[in-house]
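Trainee: What follows is a structure written as structure tokens; I'll ask about it next.
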Amino acid sequence: MAPEASPERSCSLHTCPLEDPSNASVPAPSASTLQAVDPSSPLAPGHFGYSRGPHEYQEGSSLLGLGDQAALCSHVSNYSPSLVPSQHDGTWKPPAQRHVVSVRQERTYRMPKSYSQLIAEWPGTVILLCLAFILLCTLAGLLGSRLPDFSDPLLGFEPRDTDVGRKLEVWKALQAFTGPKNLLSLSPDPELNSSTFHSTLSPASWGRAQESVVRARRMVEPIDDNGEDSFFCGPPEKSHAKLVFVSTSGGSLWNLHAIHSMCRIEQEQIRSHPHFGALCQRTAANECCPSWSLGNYLAVLSNRSSCLDTTEADAARTLALLRYCAPYYHRGVLVPSCLGSKPDKPPFCAQVPTKCARSGAVYQLLHFLLDRDFLSPQTADYQVPSLKFGLLFLPITKDASMLDIYLDGLADVQKVSDNYTSISGMDLGLKQVLLKHFLALDTVYPLLALAVIFFSVTLYLRSFFITVMVLLGVLGSLMVAFFLYHVAFRMAYFPFVNLAALLLLSGVCVNHTLIFFDLWRLSKSQVPSGGLAQRVGRTMHHFGYLLLVSGLTTGAAFYGSYLSRLPTVRCFALFMGTAVLVHMGLTLVWLPASAVLHERYLARGCLPRQAPRGGSDPLRLLLAIHRRVRGLRRVVSILSRLLFQRLLPCGVIKFRYIWICWFAALAVGGGYIGGVSPRLQLPILLPAGGQVFRPSHPFERFDAEYRQQFLFEDLPPDEGGHLPVVLVWGILPVDTSDPLDPRSNSSLVSDPDFSVSSLEAQDWLLELCHQARNQSFFSTQPKGWPTLCLVEALQSWMESPSCARLGPDFCCGQTDFPMAPQLFLHCLKMMALEQSPDGTRDLGLRFDAHGNLAALVLQFQTNFPYSAEYGPVHHFYTEVSRWLASELGRAPSGLRRGWFTSRLELYSLQHSLSTEPAVVLGLALALAFATLLLGTWNVPLSLFSVAAVAGTVLLTAGLLVLLEWQLNTAEALFLSASVGLSVDFTINYCISYHLCPHPDRLSRVAFSLRQTSRATAMGTAALFASGVIMLPSTVLLYRKLGITLMMVKFVSCGFASFFFQSLCCFFGPEKNCGQILWPCAHLPWGAGTEDPDEEKARPGAGIPGICPEHYELQPLARRRSPSFDTSTATSKLSHRPSVLSEDLPFHDGNCCGRPPLVPASPRDLLLDHQAVFSQCPALQTSSPYKQAGPNPQSWVTQDSQEQKAEPPQASPEVPPPSPKSKAEELPDGLCSSASTLEGLSVSDDTCLSASEPSARVPDSVVICPEDLDDAGKPALERGQLNGKRDTLWLALKETIYDPTLASSQHSSSSWKGRGGPDGSPVMLPNSQPDLPDVWLRRPNAYTSGYST
């Protein structure tokens, strides 16, 4: 009776057998080295006692790594040891199965000779060195620079270092430097003896630029104080806090219930707050002023004491009065100057009826509180006009002091609404303060997103230790990048958006981590007996190449955004690109060292799968739940294997025509929507007043919907409603501030050639005035404005009586023009002293500390109305620039460096956003293509990868338009980062396709999909879920970051998996097609492209004793699937049979262990980088019975011509087929402990196309029969154990230990590289009659890499 299978322990990354308690009498080997034993002892060879057969050991069981105790794996045969093959009599006999033991030598304290040995033998030291480096950089970064200041999160969202931006910065600096007791003054002060006017004027320190030196004026003129107006504390002003009421039922607000509802909400939620009394504006009686609300105005006009005392009759009477006075207001005659009983009213005020102008209540209701459509000329005839929006002004100045009132009474939607009305819009001046409040409060959402990402990693790897190490790697990379950002790059400003690098870098890290451990599991499953050093080397051969290409490409894509002129975008590009490169370098040592530590110390603490009998009820319940979960995990494993190993490759290859057309159409459509029509709309507000919360927030609704609904927001022409033109001479438009630090301010650089006193300059200034008046954009100048016609103003002043106020002077009565230069300057100073003695009136003159004319500023008003739209302002800027350039071309030398500016802050932002994103994206794509080309040296693959990334960006831009996003600074930042975010998935497939050893494109596509699709899908799901987690955030920056993350990752996964792979199915490079070859490059597919005659002429071809190029190991792949064969028949996939050998390593070096032959041509001397990284498992090769090269049976045929072949001998009984190993049963990276990529060896007949029957893969090493016969005897028939099977030849990488030899012969020098006791190979008979036997021999050379 066969012994019962032993229980096993299931871990995340390994499978380890347990000792069977029933066989406890057999002690486990405890010695680290083999000791010599007495031949008569029970432990002598031939007397080993084993409780289990070799078929009961799992194929995925791993040996200890280097530096551990020596692992001893013994295998038992059921055959008699007496059946030993003999070749001494010249005949070959079936060999008896030997007891083969693989022993790894232990060397303590040896110096590592390679990178893989360093990682495998000293992982703890490597981790400690990395931690020390991270800690050192962190301390240097924190102590060597100022800590980041996030008090103004929106700082740096304005463009810098542009033509318009430089002029605006210099103009703001000029305004800040001008004023009494300042560096520049509006009038000279000869008594002040100060320093001279240097070429650069910059005070030691000054605050932020003032908006204007002109004092602010009241919005409305004061009116007479009478009984009605004494109820309010003056008219409402823009500086007061404002609330917008709407009807809950969607009806009109002009009804008594709605009016009373607004009064109650104000009283309960605002006036009852404890802080209201300390903030409100007070009357002469020291009481809080009443609010400017519809109910209070109704009470004033009806002579009621409170708004709650008003009646329906009062509302109807007031509505009739408003209906009567509204036409006069809309005609522009009911204005503040006509209100009250002032005697000096304008003549047109006679048209206004007395009851409309008796007080300011009617005007203020129509101008401030009621929406523009109520009683407008279009709705005046309505019998019942509808009031949609009502505004309430609080007697509190809007500033940060209202934060407590908002949070306690206005933040809750339920508190500010009832059955009649609700507050839907607010303007409390709290936007920036509340933004900082919610940025700290909503930080929980990015943290939850990070938790989701790393929980997905834990779920996929089933190791909490690996997840913690990955998180530490991400944090360490960011801290090193912070050190380089401040210390190496000398960056002074760290914007708030740089914190998004934590989430984005985690997404990049997750992709690398999942790919690494998939390759780690694959390496372990292929060589289960290999040491950790060999496993690290095999894994890093592929992963190191992928990481370098992916990291460099992603970093270059982020660095491409540095071309932007927005300081925030440039700082983010520099920090994120540096973080990606640092993470790439750290991952090369941190991740494999963490894997080795986990494998060595943590991967053994596993619970037995087989539940012990007995126990308490809770324990049995837990074990039952564990079995249920394990069963569910098994189902998920099978489904994932079916999806990613079968359905996905089949679907991509079979429907490649559809995928290309579909995704190309999506990319073109997204590009048209995002760039042509309707395209991303430019912002209509500056970042300081732009959208920072979700669109439904009351602050955002007021700015976006309600602000333009009230007529007082329309600025009249004399209050800035039209665009001015400011002409400046004497100060050069040079911005000396740091373009990467928005906190820095520019100084003033004077023009050394500036002069206005020459005769030519005087004539030109007068002519400039006349030319400007003749332009179509010139408008009437408001009273009190600085004038453009400085010469005319000077002439008028000299002829006026006011010239003699300062006493007799040469200027008074002067009629000659042009004047002498010194007299002209003297008269300008006298005019400035007379008209602006206190230095507050701006005449356009700027004097330095010595009273010299330092600059000239002339202004005039245009008829271009101020607009938030980009088109009209761009037309204004172009028109004025063209006119000024033509005028300056005729100017004298002292006035040729003039320039102009205007209210162009929003236009500067819009102009940058309208031109820069396309340039930045183009540069990022170009850098990605260049980096890919340098990494792969393959032009088609680089082009296809960039095409997939470009399609992702275009479709993302189109989706942003459909989401009604505006192209603001945050959107431009995320859009520029989309290239870097969408690169990694495409590079996964690109490198996997590039490193696949198969020559035909369909095999490469299937291989790359099976190798990386599972990790790509898991990374996409994790990042998509993290984006969904951030959607409930109040702060728009977090919401848009989440939307961008899940959108870009989802779209890039689709383009990489379907569009890129479909392009490779059609046009993918085959063999060396599209490869840039260098003189030192090797042609990996050269043998398949040579002429057959040339192959025959090569030295050694057909010569006995020289190994021909056989392909015995080509068919080592999983059994084909009939269902897959049928499903892919339309793709002309091959139907060649294959056999299973996923876990059999072999040597792919020089055959027979002999020195390499001298090549026949220089092509054989070439060494390609693919030769290092192409050690990946084969998908499908030819059958051993249908070889492209010589068949092993040909050896027997050649020998039979000289002697008779010995008849086949019957093989002894073989044991029953062993149960399916776990590596075969659960090859799922998500739930199984076996290799994630074991299915990569699955052929499924998807590799060789029927149209290319002669396509060949890189050669495998074969063991020639001639080499086994040292006496030169003819080779005998091999593998004829059952008369049905051929023989496969396989080279092992591990030493073969034969227990029949004396222990003295087991030294490293005696049995290293030996295949058996007499140098002959070891034959493993296959238990299945339709599969070949395997011959094993130890090669002399050590190789690593994936078996092909």
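Using the three backbone atoms N, Cα and C, a Cβ is placed for every residue, glycine included.
Okay, so TrEMBL annotates it like this:
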- 1-38: region 'Disordered' (REGION)
- 21-32: compositional bias 'Low complexity' (COMPBIAS)
- 122-143: transmembrane segment (TRANSMEM)
- 438-457: transmembrane segment (TRANSMEM)
- 463-484: transmembrane segment (TRANSMEM)
- 465-597: domain 'SSD' (DOMAIN)
- 496-520: transmembrane segment (TRANSMEM)
- 540-559: transmembrane segment (TRANSMEM)
- 571-591: transmembrane segment (TRANSMEM)
- 657-676: transmembrane segment (TRANSMEM)
- 918-937: transmembrane segment (TRANSMEM)
- 943-965: transmembrane segment (TRANSMEM)
- 972-995: transmembrane segment (TRANSMEM)
- 1015-1038: transmembrane segment (TRANSMEM)
- 1118-1138: region 'Disordered' (REGION)
- 1123-1132: compositional bias 'Polar residues' (COMPBIAS)
- 1182-1200: compositional bias 'Polar residues' (COMPBIAS)
- 1182-1236: region 'Disordered' (REGION)
- 1209-1219: compositional bias 'Pro residues' (COMPBIAS)
- 1301-1311: compositional bias 'Polar residues' (COMPBIAS)
- 1301-1348: region 'Disordered' (REGION)
Trainee: Which bits of the chain, at least 6 residues beyond where the transmembrane segment (496-520) starts or stops, bring a Cβ under 8 A of a Cβ in it?
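Mentor: Answer is 13, 148, 150, 153, 439, 446, 449-450, 453-454, 456-457, 460-461, 466, 470, 473-475, 477-478, 481, 535, 539, 542-543, 546-547, 550, 554, 568, 571-572, 575-576, 579-580, 583, 587, 591-592, 595, 970, 973, 977, 980-981, 984-985, 988, 1011-1012, 1014-1016, 1018-1019, 1022-1023, 1026, 1037, 1041, 1045, 1049, 1229, 1235-1237.
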Trainee: Residue list, the transmembrane segment (571-591) vs rest of chain: Cβ under 8 Å, 6 or more residues beyond ends.
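Mentor: Residues 119, 126-127, 130, 156, 469-470, 473-474, 476-478, 480-482, 484-485, 489, 491, 493-495, 497-498, 500-501, 504-505, 508-509, 512-513, 516, 540, 544, 547-548, 550-552, 554-556, 558-562, 564, 740, 973, 976-977, 980.
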Trainee: Go through 463-484, 540-559, 918-937, 943-965, 1015-1038 and flag the stretch with the largest number of C-beta pairs under 8 Å relative to the transmembrane segment (438-457).
Mentor: 1015-1038
Trainee: Can you work out which residues elsewhere in the same chain, 6+ from the ends of the transmembrane segment (1015-1038), have a Cβ less than 8 Å from its Cβ atoms?
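Mentor: Those are 153, 435, 438-439, 441-442, 445-446, 448-450, 452-453, 456-457, 460, 497, 503, 507, 510-511, 514-515, 518, 644, 691-694, 697, 970, 985, 988-989, 1044-1047, 1049-1050, 1053, 1056-1057, 1229-1230, 1236, in sequence order.
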Trainee: Same-chain Cβ contacts of the transmembrane segment (918-937) under 8 Å, 6 or more residues past its ends?
Mentor: 545, 548-549, 552-553, 556-561, 563-564, 569, 675, 943, 945-946, 949-950, 953, 975-976, 978-980, 983, 987, 990-991, 994, 1075-1078, 1169
Trainee: Helix, strand, coil: count each for the residues of the domain 'SSD' (465-597), based on DSSP.
Mentor: 118 helix, 0 strand, 15 coil
Trainee: Sort out the residues at least 6 away from either end of the transmembrane segment (943-965), same chain, that have Cβ-Cβ distances under 8 Å to it, and list them.
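Mentor: Distant contacts of the transmembrane segment (943-965): 663-664, 666-675, 678-680, 921, 925, 928-929, 932, 971, 975, 978-979, 982-983, 986-987, 990, 1040, 1043-1044, 1047-1048, 1051-1052, 1055-1056, 1059-1060, 1063-1064, 1067-1068.
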